[in-house]
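Peer 1: Dumping the structure here so I can ask a few things about it.
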Amino acid sequence: MANIVFKLSDKDITTLMSRISFDTENLPQGMKARAKYQNTTVNIYQSGKVMFQGNHAEAVSEELLPQHSQLNTNKTKKKNTANSSLEQTLMYDQFNCIGSDEAGSGDYFGPLTVCAAFVTKEHVPILKTLGVDDSKKLTDTKIVELAEQLVTFIPHSLLTLHNEKYNIQQAKGWTQVKMKAVLHNEAIKNVLEKIDSSQLDYIVIDQFAKREVYSHYALSDIPLPKKTKFETKGESKSLAIAVASIISRYAFITYMDQISKNINMTIPKGAGAKVDVIAAKIIKNYGISRLDSISKKHFKNREKAQKILKPL
């Protein structure tokens with residue numbers, strides 16, 4: 001299935017929507033309109049990007065956006081020639097892969113989120129066009145924009161270990177490695193249930209532990225172990241991991257924004273000195289129990305926040 005993406009102005013989007021009939025209700029978050037035309041799905045996103053999906057995507061895009069279609073083809077050719085780094089096509093991007101990654105493990109506030117995502121060879125060009133990259137190189141705004149598009153066409157499973165459950169498991173002796181192993185394994189299994197596994201070439205996990213450690217903590221067998229690989233700095237080696245990273249980071253960012261609204265103060269990410277100060281303010285204004293409900297209790301920030309309050 002071909003996928004073609006364009007970035008259009010508001011004027012061009014209005015023109016496009018006047019050419020065929022679009023649905024504008026009951027759409028996924030981040031999507032403005034959707035249409036089915038000549039066996040091709042046309043999605044218009046709030047970001048101004050338009051995606052054509054289907055075996056006739058190229059022909060339909062040329063019919064509906066003749067000028068833009070030609071420009072996009074020329075730009076793609078120039079970009080591929082001029083920027084060989086974009087075409088690193090590290091092994092995994094030549095195959096159909098499930099990638100998995102997590103967010104929030106190094107942050108005092110907020111949950112631990114894990115995502116597994118299935119990316120096919122056919123997805124690779126569109127993901128590069130959308131600007132999918134290592135999430136560490138992307139702003140929160142860009143991550144939200146990308147994730148709201150990715151979840152509409154990438155088979156995935158997103159799991160969230162909220163702070164209350166996280167703290168209970170940690171008190172039972174669960175390390176973060178164990179939590180992540182269990183969540184990654186579960187998310188991967190969930191994705192396998194959504195796809196034809198005969199089409200899968202590899203499962204690529206952004207490595208946070210060696211295979212034997214992961215296997216020990218996962219609580220259940222690794223599905224398709226012969227196809228499973230562990231990669232350090234996986235986001236830069238596999239677009240499947242990059243997609244999983246963006247979606248898991250999106251879930252974490254969204255939750256952090258909600259926490260900030262609930263307590264009427266901006267909650268910082270990470271585990272630095274700014275976090276200690278905000279944690280102390282939360283204790284003072286809402287109590288230690290409220291702090292514990294939105295944070296990872298075993299981090300040193302909790303103790304440091306209490307020390308900040310002692311002189312007061």
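The chain as shown is numbered from 1 upward.
Positions of Cβ are set from backbone N, Cα and C atoms, glycine also.
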Peer 1: Check Swiss-Prot for me: it has D101, E102 binding divalent metal cation, so pick out which one of D206, D221, D257 it puts in that same site.
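Peer 2: Of the residues offered, the record points to D206.
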Peer 1: Using a 10 Å radius around each Cβ and all protein chains in view, which of these binding-site residues has the most neighbours: D101, E102, D206?
Peer 2: D101
Peer 1: Which residues, same chain and not among D101, E102, D206, have a CB within 8 angstroms of the centroid of the CB atoms at the recorded divalent metal cation site?
Peer 2: S100, A103, V114, C115, K180, H184, I205, F208, G234, E235, I241, A244, S245, S248
Peer 1: Tell me, roughly as an integer, the mean pLDDT over the domain 'RNase H type-2' (95-311).
Peer 2: 95
